Amino acid sequence: MTSYIINLLVLICVNATLAVTLNFIMGYAGIFSLAHAIFFGIGSYVAAYVALHFTGSLLVILPAAMLISALVGLALALPALRVRGEYFVAASLGLQVIGVTVFSEWKSVTGGIGGVMGFPPASLPGLSFESPTAFLIWSVVMLVLILLAINTLLHSSFGRNLQAIRDSESAALAYGKNVAMIKTLSVVFSSALAATAGVVYAFYMSFVNVESFTLDTSVLVMAMVIIGGTGTIWGPLVGAVLLMLIPSLTSYIPGLPQTEVGSIQQIIYGAAMVLLMIFRPGGIMGGKHGGVK
Amino acid sequence: MFLQLLVNGLQLGALYALTAVGFSLIFGSTKIFHFAHGATLTIAAYVFYEMYAVLGWHWVPASLVCALAAVVFGVLLDRLVYAPIQRHEGSFFTVFVAAFGVGIVVQNVIGMVFGRAFVSIDSPLSKGVEWNGLILSPIAGIAIVCGLVFFGALQLFLTRTHTGTALRALADNPALVKVYGLSPRRLSTLVFALGSFIVVPAAIITGLTGGLNPAIGHHVMLISLAATIVGGVGSLRGAACAGVLLGVAESLALWVLDPQWSEAVTFVVLFAFILFRPSGFFGRPVTN
C-alpha cells in the first residue's frame, strides 16, 4: 500500500471514531452536541503532555486522556440535564468556544497557538508505534473496539433506557428511570471514548495544535453523523468515509485551482447537509423520516 | 479611556443587538432556528462593499441594494429550505443542520469570490473625529441612532398594526392564525423579510468600522445567539438589551483582559444563564 492510502485510512479511522462516539449521544440519547472537537482535543493534549513529561506508554496515556475527557464531559452533561433543543446547542457551542480559547491560551500546557511537538512515540510493553502501518493497525483496532463497546452498551438495559429517554423523557421518568444519571453517564462515556481518537491522532501527527480542534472540526464530525444517518450503526462510518474522500476526489476535478479545493470541499458538504435535511432527514443510511426528534 | 471603551462598546452593542433582534424575531414568531442569519449579514456586508468601495457608488443607493440583497436572501431561504423541511414536520434539529449547511456554503462561496483575507472599506464616514478627548467616528453615531430607530419602528409595527399583532399570534398558535384567514406561510415570508432587513445597518457598520472577512457573520451570529438567550427567547426587548450589554461588556473587558478572551467570556456568561436562568432577563420560563 502506498503511504498516501495508509494516511487516508488512518485519518478515516480517527474521524470514524469521533463520528461513532458523537452518534452515541446524538442518535441514541438525543443530545445534540457541538463541542465534540473539545474531547478530541483533550485526548491529543493529554497524550502530548504525558508523553513529553512522563512516559509514552499507552497504558498510562489512554486512561489519563479518557479520565480527563470524562471529567470535562460532566460540564457538558450539566446543561444537557436542564435544557433541550436550541438551549443545549447554544450551551455546547459555549463549551466549544471556551475550550478553544483555553487550548490556545494555556501556553504552559498546550503550547499556545504554536502547539506541542517533539514528544516521544507511543508505546505498549514490547511494541512501539512508529511506522505508518503500525498506526493503521492501531487505529483500526481502536475503532473496532469502540464499535463493539457501543454496540454492547446499546443492547444492554442501559442502551434501551437511553433510547426510551430520547423518545419520551417524561414517559421514562414516569417508569421510574433515573433520567439524570443515564444522560450524564452517556455524555461521560461518549467524551471518554472521543478522547481515544485524540490520542491516536496526536501520536500519528507527532504534533498537536489548536487548529485541529476548532468549531469547524465539531461541525465536520456532526456532518459525518448526519449525512451518514443519525442513530444508525453504519451511518457514522459511511459519513466519515464519504467526507474524508471528498478532498481526494475534488483534487481530480480538472481545471480546479489547488487553492480552492478546501472551499469546494466545504461547499459540497454544506450543500449535502442542506439537501439531505430537505429530502432525507434520516441521512444516507437512515429512513426517510428517521433521525433525532 | 473608560468613556472611549464605553462608546466603542455601545457601537459594537448596537451591531449585536440588531442582529440578535432579527434572529429573535424570526425564531420567536416562526420557531425556525435561523442559524444562517449570520450569512445574511455577511452577504449584505459584501454587497455593500462591492457597490460602495469597488464600484464607487454613493452610500445611499449602495445601502438600498444591500438591503434588497439581504431581504431576497432571507425570503428565498425561508421558501426554498425551511418551508419544505417544515412540510415534512422536520424537527428543530433538522432546521438547524440545514441552516448550518447554508452558512458553510455562503461563507465559502464568498471566500472564493472575494478572497478570504480581511478587506476594509475606506470612507470619510469611518474616519475618527476628536471631541473632548474622545475619538468618535460619524458611523458609530449613525449606527447607534439607526439601531434605536429601527428597533423602535419594529416595536411599533408589532404592537400597533394588525399584521404585527398577527405575527405575534403566530408564535403562540399558528392554527388560530389560520382560522382568522391569515396564511402562516405568508406571515413567515414577512417575518424573514423584516428580520433580514433589520440586519442591514449592522452589516454596513461592520464593513465600515472593523472590515470584513467571509467568517464575520458567523462570529456576529454566535454572539447574537448568546444575546437572544441571555435576553430571553422571544423577547425582542431582551435581545436588544442583551446585545448592547454584551457589546459593552466585551469592550470594557479589554481593560483587564486580552482581546482573545472576549468571546470566551461572552460564552461563560451564556453558559451560566443556561444553567441558572435559561429563561433569560425577560423570557418566559423554560420547561425541560
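All positions are counted from 1 along the displayed chain.
In case you wondered, yes, glycine gets a Cβ from its N, Cα and C as well.
The transmembrane segment feature in TrEMBL is assigned to B:6-27, B:55-78, B:90-114, B:134-158, B:187-209, B:215-233, B:240-258, B:264-283.
Listed by sequence, the residues of this chain that lie at least six past the ends of the transmembrane segment (B:134-158) yet keep a Cβ under 8 A from its Cβ atoms are 3-4, 7-8, 10-11, 14-15, 17-18, 21, 25, 123-128, 164-165, 167-168, 194, 198, 201, 205, 208-209, 236-237, 240. By the Cβ criterion (distance under 8 Å, sequence gap of 6 or more), the transmembrane segment (B:187-209) is not counted as touching the transmembrane segment (B:240-258), fewer than 3 such pairs being found. By number of Cβ pairs under 8 Å, the transmembrane segment (B:90-114) is matched best by B:215-233 from the list B:6-27, B:55-78, B:215-233, B:240-258. The stretch with the most CB contacts under 8 Å to the transmembrane segment (B:240-258), chosen from B:6-27, B:55-78, B:215-233, B:264-283, is B:6-27.
Listed as Cβ neighbours of the transmembrane segment (B:264-283) (distance under 8 Å, sequence separation of 6 or more from its ends, same chain) are residues 223, 226, 229-235, 237-238, 241-242, 246, 249-250, 253, 257.
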